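Marked as transmembrane segment by TrEMBL: 55-73, 80-98, 110-127, 147-165, 171-191, 365-387, 399-420, 525-544, 551-569, 618-636, 833-852, 898-919 (among others). If you look up TrEMBL, you'll see 930-944 marked as compositional bias 'Basic and acidic residues'. Taken from TrEMBL, the feature region 'Disordered' covers 930-955.
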Amino acid sequence: MDAVKRWKAGWGYPTTMLCVYGFFSTVKPLVPFIYPYLTGPDKNLTVEQVTNEIYPVWTYSYLAVMVPVFLLTDWLRYKPVVVFQCINLFITWAMMLLVQEVAVFKAMQFFYGVKSACEVAYFSYIYSIVDLKYYRKATSYCRSVQLLGYTVGSVLGQLLVSFNLMSYNNILVLTLVLISIALVTSLFLPMPQRSMFFHRRDMCTGDVSTEGPVRARGCSQIFLLLWRDFLQCYSTRALLYWSLWWVLATCGYNQAINYVQVLWAHIQPSQKVQVYNGGVEAVSNLFGAATAYGIGFIQVDWAQWGELFLGSISGLGAAALFIMTFTDNIWVCYAGYVAFKGLYMLLITFAMFQIATDLSMERYALIFGANNFGSLVLQTIITSVVVDGRGLGLGIIPQFIIYGSYFSAIAVIFFLRGVYTIMRVRQSHRDSTAAEEPPSPTMSGKAAEPQHVKVMKLCGDTGDYLFGSVRLEALKQWRAGWGYPTTLLCIYGFFSTVKPIEPFLIPYLTGPDKNLTVEKVTNEIFPVWTYSYLAVLVPVFLLTDWLRYKPVVVFQCINLFVTTAMLLWLQGVAAMQAMQFAYAVVTASEVAYFSYIYSIAELKHYRKATSYCRSVQLLGYTMGSVLGQLLVSFNLMSYNNILVLTLVLLFIALVTSLILPMPQRSMFFHRSQERHETGNVEELDAQELPEALGREGMCAGDGEMAESPEEPVRTRSCSQVLIQLWRDFLQCYSTRELLYWSVWWALATCGYNQTVNYVQVLWQHVEPSQNFTVYNGGVEAVSNLFGAATAYGIGFTQVDWAQWGELALGSFSGLGAAALFTMTFTANIWACYAGYIVFKCLYILLITIAMFQIATDLSMERYALIFGANNFGALVLQTIITSVVVDGRGLGLGIIPQFIIYGSYFSAIAVIFFLRGVYTIMRVRQSHRDSTAAEEPPSLKDSDTCPEQRLSRRN
């Protein structure tokens, strides 16, 4: 009870209540479908009535009540206005449900205008009830639940409309229920004792806690203070220009958002097709949130470059509006809307950042209100002239032409202003540098130059920091360090893995483009990849190290280009088999991608570089799957055109691979002299390890290249390398724990590869692509993201894997087997998709654990050896299974018997490792009990202790 009382007395309780209120008041499933609802059979209003008579009332009402509500909100101390806002929201939706006439809908827009004006109370409330140290956290919570509410409402509305689960009227009833929950919640909000202006704390205390003395002030005092702050804030030119953009852009944004549903209905009438307005709103909210979040990590001198940025991005927003206006494709219009909304959220976020700098909370609230009021005044003018039936009353296409031209004007103004600002800043910098240049005499008779003058001399006569030799020197240092090759490798990794056709390979091969049968693809073409991969894996592994990685990276990209080109232009089984061989070479060359970075970066950057390279690969796979799904689902491109797009992306990757720096060393064939003399890394102690690694051609300076041309690098013969590999191989696998983990790795990877290789054939069997819009790309994207999440989350799990690991391998392998059996015996494609996602996530989870366990206390060379050996063992086993089960020259089984075998295979793995895990746990516990008993003989000091006490000690 005391804990509950403390929680209610602190900041957590009001924040929680406000978040609950914010969520339920923003979950409005009908909002994305208001226009189809009003113009449909339920209300039967015309387009002109909605656009030119009803919608403008909101703008006028919002303007009329904004200032009074702003002042009342502070005077009444927020809570009453929050409750009043929810009441107006309830009245708005009730009127929409129950009334029919145009006049009543205008009254409804008035109530919604009041509700919009009351929005200021939502965020202001929390600042009056919590301590200053919790402002950022409370604000993030309240803003997040609002975004969550909008998104959930959009998604929920889309689902209810798309699957005909509810009529529009029933959705309105559901909305009223949710608003009722919000209303009840608002009644339980604690009443603040202070506010920003009318009930301000006595400034002499300097405290922001809720216990400080509060002094109520008169209305005249408030207006005088607000006017003084207003003049002082806008006396700063930089703040004035940022606020001007805020006013102009917010006006145009609100106009576009208010009438975009009318544009969508014009392009694709909702009576003819199913609308996806809810899904688009959800995507735009998430995209906008992502851009707003990402801007916080960009380190730019916004004081110099900000206005140019405003102009440039506003130009992109204008282009998006023009695309929306002139396209006849609803999906292009949707995409333009998502881009426009995301760009605005990006810009308004960093405009808020810039304005909020060095402003108090009260002054920021004043600027926020003044800017929004200015935008609303301008919006009212545009609405009355352009939209209102008593003005021009233009149609929706001329309206959006005006909105696009409006943003174009904003873009031109701020672009020119940005160019002027940059030129002025540079000129001012040159003038100040010239004024400070005369040297001052020192005791030695020499001129003591200030540091900035020395830097300017390095920069040359122009004194230009951006293009002078200082910047060139910084660029040279970056290119000489690990950042440059890592960046290039990440670019290569991204563009080489964006393959939109991959999730749709079976529909493409068995469709009209290639016209192959499922049996030919499954039993004749696909097995060639397995055999070829096994044949070239070891030679490519050795060549990769001998050639020092870069040539193999380039060779991999060339083969990937050849594979895609053969898939596009060739026909027949023999050509597709040759294509599979080329792709096997690509797969075998994958080892060069990660090995390259270890030869070019310092040891301290290994983890960071690896995470970057792996992340962009995952991003590439996911982007490729999503892009392919979008292109196929919306019929934006044929399969052949998608392949052409893939060739363009691969060409970018190929060019990038050609400019990768050439490493001077490798793990085995080209090792440093010191490494060869000192032996293996793990034989050194903790103090010697950095020195030995540092001597391996690594520079002492931070950020420099991993190897130095001056460091000796010894090239070893093939026999020496093979002998060393064999010795390391025997030594590594002599450890029983590592052996068991490696056995699971080989067995599970074999089964996983077989499943992934042939799962599209199973999907085609369950639901033929000719009868169904396939969602293979979406499923691959989701499985990649879930797999990445599980792999990331396992790093935060504190488990004794030495004791529980084998039991986990067995248990989760059993779940994987169950997922495979579910995929095999279901007739529902969505159940099959779900089983695949579960199976893939479980494998990624377990293989991550196995990699962690095996990598413990191993050097990079030995880990690379174990990695290659385990994958080679998996490939040998996979080759045997393919030749017996899949190949037409073997059993040539159909896809269902194949997956029964794969499920049984994982069941056998599960049983073996589950029993082994139980045995390991019992052995560890017995060993623990034996060691405990051996260490517990009674001491002479306990001779005067009673037996009961000694017994209790042992227990």
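Cβ from N, Cα, C; glycine included.
Curation does not apply to TrEMBL; its annotations are automatic.
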Who are the long-range neighbours of the transmembrane segment (171-191) in its own chain, taking Cβ under 8 Å and residues 6 or more past its ends?
13-14, 17-18, 20-21, 23-25, 27-30, 33, 77, 79, 82-83, 86-87, 89-90, 93-94, 96-97, 125, 129, 157, 160-161
Selection from 147-165, 365-387, 551-569, the stretch that has most Cβ pairs under 8 A to the transmembrane segment (55-73):
365-387
Who are the long-range neighbours of the transmembrane segment (525-544) in its own chain, taking Cβ under 8 Å and residues 6 or more past its ends?
509, 516, 552, 573, 576-577, 580-581, 583-585, 587-589, 591-592, 595, 718, 721, 757-758, 868, 871-872, 875-876, 878-879, 882-883, 886-887
What same-chain residues lie close to the transmembrane segment (898-919): Cβ under 8 Å, and 6 or more beyond its ends?
740, 744, 747-748, 751, 754-755, 758, 762, 804-811, 813-814, 816-817, 820-821, 823-824, 881, 885-886
